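Read through the structure below, which is laid out as structure tokens, and then see the notes.
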Amino acid sequence: ISKIVSLCASKVKIVMCVYSPLLLKGDRMWHFAVSVFLVELYGNSLLLTAVYGLVVAGSVLLLGAIIGDWVDKNSRLKVAQTSLIVQNASVILCGIILMMVFLFKTQLLTLYHGWLLTVCYILVITIANIANLASTATAITIQRDWIVVVAGEDRSKLADMNATIRRIDQLTNILAPMAVGQIMTFGSPMIGCGFISGWNLMSMCVEYLLLWKVYQKTPTLALKSAKVEESELKQLNVKKETDTKPSEGVQLIVEKDVTGFEPQQEKEISCTARIAEPFTTFRDGWVAYYNQPVFLAGMGLAFLYMTVLGFDCITTGYAYTQGLSGSLLSLLMGASAVTGIMGTVAFTWLRRKCGLVRTGLISGVAQFACLVLCVISVFMPGSPLDLTVSPFADISARLFESEPLPSIASPEDKPEMVFATGMPNLLNGSTTPANSDPEMSPEPVPLISVSLLFAGVIAARVGLWSFDLTVTQLLQENVVESERGIINGVQNSMNYLLDLLHFIMVILAPNPESFGLLVLISVSFVAMGHIMYFRFAQKSLGKQLFVCCTPDSKAVSDSSPPGNTSTV
């Protein structure tokens, strides 16, 4: 009994060491604050924020497969340590640069005709992008690889750990912006930069220690079978050419990590082959992703990113144009987080009752049913839908009126940030609509449409997060260990690609009058994503698709598609 108790206590310590770094990570703080910092720096303009978002999305789209391949080629501890240090060091360096810019902004503006300040902007965006890439590598290795090894053969434990990680993510998504927002409100942006830098320095040391403890207490994290790697890595090259083996370089590194063998053949690789290696990795990663048995499930998840029905800057801006206050929006965001946590609870319960694949089907139906409210809101009173309004009306007006571009704001000058749609300044709390006369009281907008919209968005989070966890565990269970990094890297690239397309869609139709059309397009993409998953489930379960089983043993057995031997 004492051995069993000690073993259980050891397992609990390992699991807590996995969860604790997620609570300490400053990712949510930085992702929230960097956009606000860039807006403050560039005269309350969204230009730098838009450039940063484009650079981040493009980088992950192009480098996702390469990052995942790097995760696969190196030992787990090395990947975790390197990505952790690079990520936190980049955020700390960005915070220091931003503090210097906020402190000496006026002097930098006069030096070299402002070019030195421009160089600082480029440095901040570049280093912040490096931090995001390192964060992607950390998420792949910890949340897609380490957690599978720690859970072992127990899929129920894996599901519980995935759900717990998502709950922690939801909580930090609320608490981190609140903490940074309060510091910036009652202090200053410079104090906020210093706080984030100090927090990341502290959390880096604690995270490093906790990850080391997990690695020491889980011996299987250090085990990599060279023979298994050799047989599995051949799946990366679909052509299976015997003369050119792109996996040979990977195998040499694995042998070095496992057996201490020093690869001498690497010196014979030509310069041309080294230059072409990233492009080959990119191609092989996407081909391997396409050939996965869970390809349709992953594509279904990626299609859910092509939507404006979320609590991002787009939906928030639209809500402001419809008369919702900032305090009400914060409450709605809190309610969204609560329903997201409910989705994680529903996932664990449904998986035990109906199995993993059927959980995805039920979650998809629940999400789509809730989004029907958003479709109805488009045609309800208060909806500004008017397709006769040109989406480029505001842009044309600005060009013909020769409106000057925003300049760098001085510390004493704080002009109000006004969007073309009439969105108020989110930084100073002003709610005065753009181009309006303060003496005239605008007519109240009926809130039926916007109420139905947010009711659908909030309710759909239950099905959304349950579906997300389903696809996440399907990838964990059905992708071989040696391809786990590169496949999840390509999955992140697909997610960013659809997310980028949704921003392009908003750029093409930025007016509130066109938002209803964006809602209909978003729901259509969500429907297509769930249709892809339904096709995957149909192939996986066949005639047993709609037969719900209650025993946990049967529920677990349907998580692997027929003919797939690469399970955990």
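Glycine too: its Cβ is placed from the backbone N, Cα and C atoms.
Curation plays no part in TrEMBL annotations; they are all automatic predictions.
Per TrEMBL, these features apply:
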- 46-71: transmembrane segment (TRANSMEM)
- 83-104: transmembrane segment (TRANSMEM)
- 110-134: transmembrane segment (TRANSMEM)
- 294-320: transmembrane segment (TRANSMEM)
- 326-349: transmembrane segment (TRANSMEM)
- 361-380: transmembrane segment (TRANSMEM)
- 445-464: transmembrane segment (TRANSMEM)
- 515-534: transmembrane segment (TRANSMEM)
Is the transmembrane segment (515-534) in contact with the transmembrane segment (294-320), using at least 3 Cβ pairs under 8 Å (sequence separation of 6 or more) as the test?
yes
For the transmembrane segment (46-71), find every same-chain residue at least 6 residues outside the stretch whose CB is under 8 Å from a CB in it, and list them.
34-35, 38-39, 79, 121, 125-126, 128-129, 132-133, 136-137, 140-141, 145, 250, 278, 281-282, 284-286, 289, 406, 419, 484-493, 496-497, 499-500, 503
State the non-local partners of the transmembrane segment (326-349) in its own chain: residues 6+ outside its ends, Cβ under 8 Å from one of its Cβ atoms.
159-160, 163-164, 166-167, 170-171, 173-174, 311, 316, 319-320, 359, 363, 426, 429, 431, 454, 457-459, 461-466, 469-470
